[in-house]
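Listed in Swiss-Prot:
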REGION    1-391  region '3-dehydroquinate synthase'
BINDING   44-46, 79-82, 110-112, D115, 135-136, K157, 175-178, N186  NAD(+) binding site
BINDING   R126, D142, K148, N158, 190-193, K257, 271-275, H278, H294, K363  7-phospho-2-dehydro-3-deoxy-D-arabino-heptonate binding site
BINDING   E190, H278, H294  Zn(2+) binding site
ACT_SITE  E267  active site, proton acceptor
ACT_SITE  H282  active site, proton acceptor
REGION    404-862  region 'EPSP synthase'
ACT_SITE  C844  active site, for EPSP synthase activity
REGION    881-1070  region 'Shikimate kinase'
BINDING   G886, M887, R888, A889, A890, G891, K892, T893  ATP binding site
REGION    1071-1283  region '3-dehydroquinase'
ACT_SITE  H1188  active site, proton acceptor
ACT_SITE  K1217  active site, schiff-base intermediate with substrate
REGION    1296-1579  region 'Shikimate dehydrogenase'
Amino acid sequence: MKVELSKVPILGKDVVHVGFDIADHIVDTIFQSCPSSTYVVINDTNVEKIPHYVDLCGELQAKLKSGSRILQYSVKPGEAHKTREQKAAIEDYLLSEGCTRDTVIIAVGGGVIGDMIGYVASTFMRGVRVVQVPTSLLAMVDSSIGGKTAVDTPLGKNFIGAFWQPQFVFVDIKWLETLPKREFINGIAEVIKTACIWNAEEFARLEENADLFLQVVNGSKTTQVSVQGQVHELSLTNIDAMLEHVYRLVLESIKVKTHVVSSDEREAGLRNLLNFGHTIGHAYEAILTPQALHGECVSIGMIKEAELSRYLNILSPTQVARLTKILAAYGLPISPDQKWFKDLTLNKKTPLDVLLKKMSIDKKNDGSKKKAVLLETIGKCYGTSAHVVSDEDIRFVLTDETLVYPFKTLENGQEKTIVPPGSKSISNRALILAALGEGTCKIKNLLHSDDTKHMLHAVQQLKGATITWEDNGETVVLKGHGGSTLQATAEPLYLGNAGTASRFLTSVAALVNSTSSQKSVVLTGNARMQERPIGPLVDSLRENGISIDYLNKEKSLPLKINTDSNFKGGRIELAATVSSQYVSSILMCAPYAEEPVTLALVGGKPISKLYIDMTIKMMEKFGIYVKASTEEPNTYHIPKGHYVNPPEYVIESDASSATYPLAYAAMTGTTVTVPNIGFESLQGDARFARDVLKPMGCSVTQTETSTTVTGPPVGGLKPLKHVDMEPMTDAFLTACVVAAVAHDGKEGSRNTTTIEGIANQRVKECNRILAMVDELAKFGVEANELPDGIQVHGLSSIDKLKVPEAIHSYDDHRVAMSFSLLAGMVGATKDALSEPVRILERSCTGKTWPGWWDVLHTQLGAKLDGSEPLQSAVKKNSNSSIVIIGMRAAGKTTVSSWCANALGFKFLDLDTVFEEQYKKGSVKEFVAEHGWDAFRATETKIFEESVKKYGEGYVLSTGGGIVEGAASRKSLKQFASQGGIVLHLHRDIDETIKFLNSDPTRPAYNEDIRNVWERREEWYKECANFTFYAPHCTSSTQFNQLRKTFETFIRTISGKREVKIPTNRSSFVCLTFDDLAAHKEKIPDITAGCSAVELRVDQLKSYDLDFVAKQLSILRLASSSLPIIFTIRTKSQGGQFPDDDKSTLGSLLSLALEVGVEFVDMELTLSSELQYSLVNNKRNTKIIGSHHDFDAKFDWNDSEWENRYNQALSLDVDVVKFVGTAKDFEDNLKLEQFRLQHTAKPLIAINMTDVGKMSRVLNTVLTPVTSSLLPSASAPGQLTLSQINEIYTLLGGFSAKNFYVVGSPISHSRSPVLHNTGYKILGLPHKFEKFETSSASEVKDKLLSKCKLGGLAVTIPLKLDIMEFMDELSESAKLIGAVNTVIPLGDGKFKGDNTDWLGIYNSFLANGVPENVRGNSGFVIGAGGTSRAAVYALHQLGCSDIHLVNRTVEKPHDLKKSFPSEYNLHVLEDSQQAEGISGSVALAVSCVPADKPLDDNLLARVRAVLAKAQGTSFKPTLLEAAYKPAVTPMMKTASDEFSWHIIPGSQMLVHQGVAQFQLWTGFRAPFNAIYSAVTEEQA
């Protein structure tokens, strides 16, 4: 297909040329119209990969005239390079090439290139000619036209620039062939915008072609092209398939912009109409960039600004609905809360205050006043420029939570006429009848809502009718085909929460014809829709020959209707006591049955008979006459036939919706008229004013077609003793809120209004009766349910209405609209300012009255505001309870108690709760008496009650079979989906079976245990969002290690422990074992000095999920919970994992998140699906975005790295890791330049090969290293940590520092051997020596003045004296009152710290003591300096009380006075006090000299306290602070007499020294080697 070349004038010149494949024309025009000595083509490096660019440059070169030259300059792609610095670099290049004022610059690229190069042209030589060749849709229709040029600054986009009109803008649509799909759709937003503000005809054309566009763009394919010897992957779209459409949309959009620019070049007024959608859109973009694109944010902005126009009573709801529909149809977001868009933007929050702040710096604002472009109708703006809008109104449209203020601002005698939207009931019936009918029918006043949108879409999917629009979208035109064209579709009919549509379409589906490839239709909806009943209708259709399957829950959607089965007709019996819609559904489809239908309604009195009458009357209008049986009650005869569509059908306004403005009049004492609903209405709810409001004290005037209500003075409504609302069940909610403020004035009266006949309201969008009871209670209004109704007990005064907590709408339009009325009555009669009432989910009113809030605000005068959403009850890092699931004997009870202890939660075993409720023995006895099924049902009930009752601050341990029940699984998944933790505790199944077979206390399974596991395994995975693999422990050491590992794990996944990215020089070691089990003893030495450890999953011998989980468990235990980097390196990225096994890869990456690893390496070459799955489900895990160039394809200046870096930023990874391949040494220098220019995220950037080793030395964050203990390095050129440090030292990166231990006597000090061992192993150049002195002044004079001082270890007697020379003190040093560590700060300043307490604290942790020992007391023996550190450490461990004993009693009292009262220190002066201690003492620290006999009095008190160790969840533990002798008298007493676990003093010594080492060097010390060196020396 060919399209003609079009020239569009701007400012009087034919500047814009639009065509397809016009490279020849571009070149000829430039050379003919812009003669020059120098032409400079400037583009970004991405464009160079496109063949069309090569063709264009080739044409320029081939046709260049003699005496002229062509230069070419490339810039790096992306907004990050649209800077003043880049502009200067371009200008320097032009100057260096001798470019003069006759230069012509040709800008080839997207918006970034066009903006920046235009600005270069505007200032170079005071202005040179520029030609724009836009290559993206957005640039073609927007940025290239109009002469706006700019660069970005750190403070904002486009803040520095100029207006500089190009000589030409060449729009060659061929560029769009290689535009990626998302970029294509992104540009469409601006196209829709221009049509929306200026060209209604083009807007309608865009509506008609939306399906074609999305079909073609979604069909784009990736292809490989060779450009100048290099192969590149490009997206390729078949533009030919929609060339006419794309050409037109580009051309028409350009015409709008050129016209506006020609009228207002400098944006004095008219031109800012082009900013429709941008005021709010730019605010979203500022927060969501770079994940969200400009057009995507403008799309959301257009919706919000259209809603703002509707809110201000300027734009009709129909026009908003059209705009919403077209944006969605072109694949653009219409709300920031759409799941796919939230996933794309990584679930970033868009806080209301931040959005408003971003809007405040919009260039078109009037000072502090915000301006927005308002829409009058599709194709026309309101006025000729942007309008000032209030923050209050903006806030309202930006949020789904609204604040309703008291109705105080009403005019006296206010009279309003309100026209509600078309009836939902009539709208849906009319659409079905017209679709089944023959001929064209124009339907007017159709309700434009979610329900009707789903119905229209379904009719189109089934090919039931041809649908067009007239009157600018206000009138829908259906050309029905008499049902003959109904056709099965493979795509499920998604109906949201549209109950009416679902019921009507179930019968319509029975008339659908099969195709050769499709034999069924599937109806589905949202979660609530899949709970609502449809059973009676399905039963009747099944009995009539229609084959229907439930695909999920019985009696609810989704349904699968077999289209090969026929609707036979004849007698049909239907239970109609739940919903009249079942009846209407069969009635409307009955004429198309094979035989005439007799429909008998059975099972009791039919509900809502007036709606059945409505259907029958409407069928008459379409030519089918239904006769009621004269012989049988509630029975109808429907003849065979075809509907004949009337030329026009006008939908009556919705009578249910009309109840809200009428009730508003009743409650506020004002007058409201609804002009198109009267007593002749088809709808039962038209009776509401006459049968409900009038008896309650209102004046009601009703004609055939109108209803007027005037309320009594405020507070004058009377309760209604009894009303049967069966003819108008939907209106009962409105009646309830009116009744809430109705009273009879009698003292002691309950002011009761009784409403009956509404049982069907329990199965609507929610259980409406219960919802009204619950939400009325929040206002202080009592209500109670009746079998088929509700009683509301009104308040004696409106002043008694309470300001409730947030009102929940249950995603139910009628609940929200009803409570919007009662909300305004709170405080309405009080003079003082009253708080507003918050209503949640306000947008649910879109189901029937999208503009209800606009009417309430603009027409009825209510004050509304928007508000930041309340936080969900269950949030990450909250005290949300944790549920633990797993097989019997997995260790749930033990681990749950650890979990509770670590988090400070309470522990609840649901088996224990069961036994308490059962009160007849154990679970085993219950099962023996009642069976497993009864137990499961009871267990599920208890679980659901417990989750609700103990939702915060608890650890709930469940029975192994909790996942057997579907209801329990649903509750577990719901809890997890709200941010709660459901933890699957997993053990080796063989070990579990072995244990269970030997345990007689548990009820026996009726089947093989392994079979039970195999059945439950998937259920555990389905319900849990975290997994912990607990290996079998064979010793107390392993058990303690497991506890410590678990506590670190649970604190990490719950957010109590932050995963930190190192900020100093750091490294991780890359493990290359194929199975860690045989090498776990080596892991502590392999990981020495490293900040993390990488598990190369691709190098493991098996990718089985259980095997990998075990490997992770081994690694956690062996490395003492060192942060794990989980890496699966694919073959294309230099690893061993198959590139094509995406399924296993996805499962393994999911496992990584489920087991809570600290880091996941995510290759930037993975599919978008996997990448977004990772980043959106990462929880507390950090993501490393990695890219490797093993084949040395890309120089560090190549755009590949820039594009990958921008990709990493758009994915918002936590760390970027780039690995190149060095061919020569200069590659390292280029890498360092790249590192300097890319600082937005922590960057690991290295080169492989021996030549690239230097880059590993210079890398700062998380450098990958190997170890001599590993079988091989994981990459070419990889170094050990000590090698890196040694080379870095040789380069001057590390300066040798001198460290000293100071004090006296220190001849036996182990500090030098401790620290020097660490320095040697890690390759550090430092030296540690002794400096013996008793004078702090001497230390100051001789050591603190040394320039190479690295730090001091301070011992007796200087721990107090040295403090006067410190400039800063750590919190621990202040409270302990002593310094044992001096840290130089530079400039002659020093910080004093204390690591003695860490020596004590970490020694306890290393010996199985949990991080928090809540409920247990501590014990300190002695009252010297070390005792102070012991007190501090025990408090940090969570000891509830700390008991002190000393040989003399004065010193411990002094010690007690120096600590805060919350430490709960108790001095035990005698044995009687010691024996009187209540509670358990679990930790003790001995700080008395070990080389002298113990005082008898002191020993007696010690023994009394040690005897108090009872009932702890860990073995009571005593730490001996003295490290000589190896076994002290105190150690023997505690161990031999009281069986306490003993920690020798050498451990405290090493732990406090290791803490110093890490403070001074920043490196994690090699603990095992240091400990061996210290203890060997000691021996």
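Glycine residues also receive a Cβ, built from the backbone N, Cα and C atoms like all the rest.
Feature map: annotations from Swiss-Prot on the structure.
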residue	record	Cβ contacts under 8 Å, 6 or more apart
D44	NAD(+) binding site	S74, V75, K76, P77, G78, H81, G109, G110, V112, I113, S1199
E79	NAD(+) binding site	V112, D152, K157, T289, P290
R126	7-phospho-2-dehydro-3-deoxy-D-arabino-heptonate binding site	R101
S136	NAD(+) binding site	G109, G110, G111, W175, L179, E183, G187
N186	NAD(+) binding site	L137, L138, L293, H294, G295, E296
I192	7-phospho-2-dehydro-3-deoxy-D-arabino-heptonate binding site	F203, L206, S299, M302, L323, I326, L327, Y330, L332
L274	7-phospho-2-dehydro-3-deoxy-D-arabino-heptonate binding site	K193, T194, I197, K257, V260
H278	Zn(2+) binding site	V298, G301, D362, V373
H282	active site, proton acceptor	C297, G301, K358, M359, D362
T893	ATP binding site	D909, S957
Recorded stretch that, among 1-391, 404-862, 881-1070, has the most CB pairs under 8 Å to the region 'Shikimate dehydrogenase' (1296-1579): 881-1070
Average model confidence [pLDDT] within the region '3-dehydroquinase' (1071-1283): 94
Distance [Cα-Cα, Å, rounded] between N158 (7-phospho-2-dehydro-3-deoxy-D-arabino-heptonate binding site) and K82 (NAD(+) binding site): 9
Nearest recorded site to E267 (active site, proton acceptor) by CA-CA distance, among recorded positions K82, C844, H1188, K1217: K82
Of the recorded positions listed as K82, L176, E190, H1188, K1217, the one whose CA lies nearest the CA of K892 (ATP binding site): K1217
Spatial neighbours, same chain, of K82 (NAD(+) binding site) - Cβ under 8 Å, 6+ residues apart: V112, D115, M116, V151, D152
Residues within 8 Å of the E190, H278, H294 Cβ centre (excluding the Zn(2+) site residues themselves): L138, D142, A189, K193, G277, G281, G295, C297, V298, G301
Winner by Cβ contact number (other Cβ atoms within 10 Å) across the binding-site residues G886, G891: G886
Spatially closest candidate among R271, C844, H1188, K1217, the listed recorded positions, to A890 (ATP binding site) (Cα to Cα): K1217
Residue from L176, G886, M887, G891, K1217 whose C-alpha is spatially nearest that of R271 (7-phospho-2-dehydro-3-deoxy-D-arabino-heptonate binding site), among the recorded positions: L176
Cβ neighbours of H294 (7-phospho-2-dehydro-3-deoxy-D-arabino-heptonate binding site) where a neighbour is any other Cβ within 10 Å: 22
Candidate with the highest Cβ count within 10 Å, taken from the recorded positions R271, R888, K892, H1188: K892
DSSP-derived structure type at E79 (NAD(+) binding site), helix or strand or else coil: helix
ATP site shell beyond G886, M887, R888, A889, A890, G891, K892, T893, criterion: Cβ within 8 Å of Cβ centroid: G960, L985, R987, T992
Other CB atoms, at most 10 A from the CB of L176 (NAD(+) binding site): 22
Residues that sit under 8 angstroms from M887 (ATP binding site) by C-beta distance, when 6+ apart in the chain: G960, H986, R987, I989, T992, V1012, W1013, R1016
For G891 (ATP binding site), the one of L176, E190, C844, H1188, K1217 that lies nearest, given that the recorded positions are compared by Cα: K1217
Least Cβ-crowded entry, counting other Cβ within 10 Å, from the recorded positions listed as E190, E267: E267
For N186 (NAD(+) binding site): DSSP state (helix, strand, coil): helix
E190 (Zn(2+) binding site) and H1188 (active site, proton acceptor), Cα-Cα, nearest whole angstrom: 37
Under 8 Å by Cβ from the residue listed as 'active site, schiff-base intermediate with substrate', same chain, sequence gap 6 or more: D1161, I1184, G1185, S1186, H1187, L1243, I1244, A1245, L1262
For R888 (ATP binding site), the one of L176, E190, C844 that lies nearest, given that the recorded positions are compared by Cα: C844
Whole-number Å value for how far E190 (Zn(2+) binding site) lies from C844 (active site, for EPSP synthase activity) (Cα to Cα): 28
